[in-house]
Amino acid sequence: MMEYQAILDTIQSNLQKIENTGTVAAYIPELAKVNKDNFAIYLNRVNGDNYGVGHWDVSFSIQSISKVLTLSKALQLIGTDVWERMDVEPSGDPFNHLSLLELENGIPRNPLINSGAIVIADILVSELKNPKEDFLQYVRDLTNDQTITYNENVALSEKETGFTNYATANLLKSFGNLANDVDTVLDFYFHQCAIEMNCQQLSNAFYLFANRGKCMRNVAHLTLSQVKRINAIMLTCGFYDEAGEFAFEVGLPGKSGVGGGIVALLPNNFTIATWAPGLNPKGNSFLGMQALEQFTTATGESIF
Ligand SMILES: NC(=O)CC[C@H](N)C(=O)O
């Protein structure tokens, strides 16, 4: 019998001993206000057991982690048509990089970099009746928690400073890969990124990817094939130009966000969420990456 709580406690005390060289994301002014000392891990096993350490009940901005949830909704709505508008290859580039998009004629490398996520946002704006409300409801249903909401200050803060995302959306539009207008799509995108969750909610939200497409309420949202593909994309593209490093160190499908969250999972086994707002130079949580490396090393539980 594995002592998961003891393993999480040990990871927390190990990480308290090292210098946290991460820095909070400053390019979105609202995120720069978050205290770097926050640290949390929450683990959900598919057998129903759960464990937490640190500030696992404190909410933070999920940012790019939302891209997996919008992809999941888009696949549910239009299936494989999604792949007519983007690829499934790792980019090896930072999340907001523009030059590949221009070279490749407005076809994003994958749905987890900003350009791909903006195309997915465009799909949801076209397909959902009330896009922001309906998507939030989807996230609440997956998580089995009706309290989850957008942080309007974060959405506005990103809108005011989101010059690179405007450039990306305009480039997509110029290549004919955006059906709706740039402002409408980016308003949706800035809101999805501004959803707040704590580690418990985040781990719950991703439960369906470890549980063969069925959420916490045991409702089926995705086919087995869709879950397989989403997990493959998280493994190859979830950490941008550090996807190789995450696979090497941790060995799980996962997704990071510039709010300092990471969520990862082992199919049929567990989901785990970490939060530590200090980011490494690639925009991934400095301590979160290490916490997950220690977790899969201590438990021996990874996809490899
Ligand atoms: N990596 C991230 O979390 C980036 C998300 C952020 N909202 C952006 O578009 O810049």
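Numbering starts at 1 and runs along the chain as displayed.
Quick reminder: no glycine exception, Cβ is built from N, Cα and C everywhere.
Annotation note: Asn165 (substrate binding site) sits in a helical segment as assigned by DSSP. The feature substrate binding site is assigned by TrEMBL to Ser64, Asn114, Glu158, Asn165, Tyr189, Tyr240, Val258.
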Binding-site residues compared (Tyr189, Tyr240) - highest count of Cβ atoms within 10 Å:
Tyr189
Based on DSSP, name the secondary structure state of Asn114 (substrate binding site): helix, strand or coil.
helix
Val258 (substrate binding site) in three-state DSSP notation:
coil
Select the most exposed residue of Ser64, Asn165, where exposure means the fewest other Cβ atoms within 10 Å, treating these as the binding-site residues.
Asn165
Near ligand 1, which of the binding-site residues Ser64, Asn114, Asn165, Tyr189, Tyr240, Val258 are found, taking a Cβ distance under 6 A to any of its atoms?
Ser64, Asn114, Asn165, Val258
Using a 10 Å cut-off, grab the number of neighbouring Cβ atoms around the Cβ of Glu158 (substrate binding site), all chains included.
24
